[in-house]
């Protein structure tokens, strides 16, 4: 297999985004078919691609328009780089995307303008996939903005007062973050006169770490911190994610903040700026610090919520902290744990948000004080919620247990004992707030009458069950997964400028 | 150098407008200021003293050009900025329909 299939990751959803409004004028239901077909195609492509990379070559590089680099000259063309790290995150993205699309078919019954939803969702998918396989700094920015603009529109999709307010707030903060990223790109370009990530890494290594370099790093990081809702730049997330329709919340919380924030940041920090704990200890200590603050603040604030989706949104801030913590610790096990947590949290949080949407749709409210005893009415939703909570809280044998275990192991390896203690402690807090939801919404019997509701429609339950099964499987099969997928992906990051050799050769 | 600093000042002024103003439309204007400042900075990054526009003809030497790449990139960034501003204004309009005001102090139904 050669790299010619890489553009499909962007082209398929982008084409669907243009096609959907055209055809759904004549046949509104076709939007469902197109959306789900694209989800399935992308899922198949990404599963096949990951399998191919794990068993064969290290990476695939596609030069857009055939502008291959000439030895001795800076690369002129735009590269699409599909390595083991991108392949892993692309797969997680498309699994959650596929489940969200499957879930949308019936969930959208109480929305008008079905095709608008699918068009915007296709644009988000195109942007996310493009960002993940882009090997060019400015291209990354463009794809980031494509998916970000579509996500602003989707957050305000219900056009109720609160949703518009959340959408505007999200948009202003997100775009200030986007402007910071563009400014950082301009600063880097002014120094290195190149945008290809691999070439940029080499040029920056030649220039050295000047004050201007650190200014650019700081500006970029500020932008990505807003995009990933790192505390103290998190204020938009608890408004924006609950306001979106449930499948969009699942995608934004499960995948978007990690791809737009964590993936983009770690790709630049490790593979382009070539920073590691050995060369830039202060920088990595800062990441650990922000990670801890996010874990603590997100966890404590989640505990205080009574809105189902808002609680889950605060929980996302806390879990992003774990990913950041793992990257900041910077040992091999910690980075493996961080990447494992990207996958585990993506599956589990996607599942929990889909569950919250089913509850809101069937019971008519997401106020935890007004819900009760739904377990008898919606057993499938209730039990998938329980299993998802256990995975997220880090109970063995689910995926979330191993991801947190590896992060803690990495912290102990790096002799950061108190960091390990906080990580374990807040795993307990995670369990506490998720148990609160489980108890209040599903298992509380006495005091209040059970909320009248029926089980969610079949496709919605199916989407949740897929995510449950994957969360369990990823936990049970952690050994082959770490050896075959997560360790190679972590090695891409820890390899630093090895990325440049992989893309450009030499 | 002065031009670069002026860009940064314009950017900070835009940020100041976004942070302090209470009117939604003024916030959008502040954001536009930030965006213009960044675009200007990026375009200036390709500037070379005494250089020509990057058009190859038989008359000029192919070495004394300004860097054409930032100009192309800034065009893309302007288009992105246009769609962002349009969406922001559309949201502001819809908010005005719901709340009958542009004042963010009165647009706070979200809590927590």
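Just so it is clear, glycine is given a Cβ too, placed from its N, Cα and C backbone atoms.
Just so you know, TrEMBL annotations are computer predictions that nobody has curated.
Annotation comment: TrEMBL describes A:6-27 (among others) as transmembrane segment.
For the transmembrane segment (A:39-65), the residues of the chain that approach it from at least six positions outside its boundaries are 1-9, 12-13, 77-84, 87-88, 90-91, 93-95, 97-98, 100-102, 125, 129, 135, 484-485, 488, 502-503, judged by C-beta separation under 8 angstroms. Annotated transmembrane segment per TrEMBL: A:39-65 (among others), in sequence order.
Annotation source TrEMBL lists domain 'NADH-Ubiquinone oxidoreductase (complex I) chain 5 N-terminal' at A:77-118. In the predicted model, the domain 'NADH-Ubiquinone oxidoreductase (complex I) chain 5 N-terminal' (A:77-118) has a mean pLDDT of 93.
Under the heading transmembrane segment, TrEMBL lists A:85-105 (among others).
Under the heading transmembrane segment, TrEMBL lists A:117-134 (among others).
The domain 'NADH:quinone oxidoreductase/Mrp antiporter transmembrane' feature in TrEMBL is assigned to A:134-427.
Taken from TrEMBL, the feature transmembrane segment applies to A:170-192 (among others).
Cβ atoms under 8 Å from those of the transmembrane segment (A:212-237) belong to residues 144, 148, 166, 169-170, 173-174, 176-185, 187-188, 190-191, 204, 257-258, 260-262, 264-265, 268-269, 273, 283, 290, 293-294, 297-298, 313, 316-317, 320-321, 324 of the same chain, restricted to positions at least 6 beyond its ends. What TrEMBL records for A:212-237 (among others) is transmembrane segment.
Nonlocal intrachain contacts for the transmembrane segment (A:249-270), taken as residues 6+ away from its ends with a CB within less than 8 angstroms of a stretch CB, comprise 85, 89, 92-93, 96-97, 99-100, 103, 121, 124, 128, 131-132, 137, 140, 144, 147-148, 151, 154-155, 197, 217, 220-221, 224-225, 227-230, 237, 240-242, 276, 283, 309, 312-313, 316, 320, 323-324, 327, 338, 342, 345-347, 349-351, 353-354, 356-357, 493-496. Feature annotation from TrEMBL assigns transmembrane segment to A:249-270 (among others).
Positions annotated as transmembrane segment by TrEMBL: A:282-304 (among others). Beyond the ends of the transmembrane segment (A:282-304), by six or more residues, the same chain brings 217, 225, 230-232, 234, 238, 269, 275-276, 311-312, 314-330, 416, 419, 422-423, 426, 429-430, 432-433, 436 to within a C-beta distance below 8 angstroms of the stretch.
Counting same-chain residues at least six beyond the ends of the transmembrane segment (A:380-403), those with a Cβ under 8 angstroms from any Cβ of the stretch are 315, 319, 322, 337-338, 340-341, 343-345, 347-349, 351-352, 355, 358-359, 374, 427-428, 430-431, 434-435, 437-438, 441-443, 455-456, 461, 464-465, 467-468, 471-472, 474-476, 478, 482. Per TrEMBL, the feature transmembrane segment maps to A:380-403 (among others).
According to TrEMBL, the feature transmembrane segment maps to A:415-435 (among others).
Here TrEMBL flags A:456-478 (among others) as transmembrane segment. Counting same-chain residues at least six beyond the ends of the transmembrane segment (A:456-478), those with a Cβ under 8 angstroms from any Cβ of the stretch are 95-96, 98-100, 102-103, 105-107, 340, 343-344, 347-348, 350-351, 354-355, 357-358, 361-362, 378, 380-381, 384, 387-388, 391, 396-402.
Long-range Cβ contacts of the transmembrane segment (A:6-27) within its own chain (Cβ-Cβ under 8 Å, at least 6 residues beyond either end) map to 34-35, 37-38, 41-42, 45-46, 60, 62, 64, 80, 82, 90, 114-116, 118-120, 122-123, 125-126, 129-130, 132-133, 143. Residue counts of the domain 'NADH-Ubiquinone oxidoreductase (complex I) chain 5 N-terminal' (A:77-118) by helix, strand and coil are 32 helix, 5 strand, 5 coil (DSSP-based).
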